[in-house]
Amino acid sequence: MEKYLTKMPIKSKANEVPKEEAGVKKETPKVARKATKKDTPKELKDKENAGDDNTPKQTKGRPGRPAAKRKNLDTPDVTEKLAMEEENPPKRRSSRLTRSTRSMAEDGSPSPEKEKPEKLPFIKYKGAIKYFTESQDIAASADDVLQWVEKQKDEVVPMAFDMEWPFSFQTGPGKSAVIQICVDEKCCYIYQLTNVKKLPAALVALINHPKVRLHGVNIKNDFRKLARDFPEVTAEPLIEKCVDLGLWCNEVCETGGRWSLERLTNFIAKKAMDKSKKVRMSKWHVIPLDENQLMYAAIDVYIGQVIYRELERREKVKIKNEEEFKEKNGDAAFKAMKALGETFLTKINEVTL
């Protein structure tokens with residue numbers, strides 16, 4: 001009976017989904033929106049970079065660069081070029097040590113471009129220091145020195161001269177406070193002028209004595225200041241007969257430029273000076289001077305006397321060598337040698353032109 005029955009299709013309800021249609025997933029609205037969204041310029045550039053096979057992956061904020069082709073180092077041309085560079089390396093400027101400077105550093109020798117300054121021994125003064133503060137004592141001491149000068153047989157008696165005074169950045173230089181002189185390397189005289197209203201006549205006569213040759217570095221300005229502070233002193237006669245050691249050094253040694261006492265001491269005496277700023281800028285008008293001030297003042301005139309004697313010796317040697325050279329070789333050869341920069345501080349017997 002059942003085989004004669006026909007199966008009738010069963011009508012589905014309106015809310016039911018057929019099995020075939022249920023297997024197919026509908027695209028979600030979110031995906032649909034992404035598909036229809038317009039790409040930004042950055043995204044378009046990323047897509048272009050991603051589609052290029054010869055460029056690396058795009059990094060944030062930097063454009064992509066094409067991959068460099070690797071050189072084949074096995075080619076004959078490249079091999080020959082590398083061999084030539086190994087034999088004759090190219091010259092390069094570098095801040096690193098070169099072979100020569102490196103070997104010099106290992107040996108401990110200084111570089112020729114920048115040699116280390118020579119270390120000179122400091123001056124040690126072991127002579128007497130005679131220090132006076134009162135007007136009558138200064139007058140008596142100056143009179144003793146004056147009598148000693150008159151007893152000398154030499155026509156010229158060199159005397160180192162220097163001055164000290166206080167200085168303030170608010171008020172400027174103070175009145176001349178100290179005069180120091182040296183006529184013999186074994187004794188220096190220091191006269192403090194704080195209690196002196198007028199320079200003693202014996203001291204004025206001493207510095208103006210016709211046999212006395214006052215010398216120092218920048219000494220002319222010292223005389224001008226002394227004349228401003230003490231009207232009984234006239235600067236011009238002292239300036240006319242004094243010797244500036246820096247200018248004299250330029251004449252004898254044929255050097256140039258301006259000299260300080262410290263540099264002149266290094267060059268002529270081969271000694272170093274302890275020019276302490278604390279002592280140099282100290283209160284020179286305060287009585288009494290301490291040991292550091294006394295030694296500072298004494299060394300200034302002591303080394304001045306030493307420099308004078310050495311320049312005097314060199315000048316005599318130079319004059320003698322020049323005269324002997326002229327006698328043997330003539331004036332033409334002498335002028336030629338001077339043009340070449342010869343100073344004649346050392347003896348030259350013969351020259352071939």
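Placement of Cβ uses the backbone N, Cα and C atoms for every residue, glycine included.
These come from Swiss-Prot:
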- Asp162: Mg(2+) 2 binding site (BINDING)
- Asp162, Glu164, Asp300: Mg(2+) 1 binding site (BINDING)
- 13-30: compositional bias 'Basic and acidic residues' (COMPBIAS)
- 37-50: compositional bias 'Basic and acidic residues' (COMPBIAS)
- 59-70: compositional bias 'Basic residues' (COMPBIAS)
- 71-90: compositional bias 'Basic and acidic residues' (COMPBIAS)
- 145-313: domain '3'-5' exonuclease' (DOMAIN)
- Ser103: phosphoserine (MOD_RES)
- Ser109: phosphoserine (MOD_RES)
- Ser111: phosphoserine (MOD_RES)
- 1-119: region 'Disordered' (REGION)
PLDDT averaged over every residue in the domain '3'-5' exonuclease' (145-313): 96
Neighbour count (Cβ, 10 Å) for Glu164 (Mg(2+) 1 binding site): 24
DSSP state at Glu164 (Mg(2+) 1 binding site), helix/strand/coil: strand
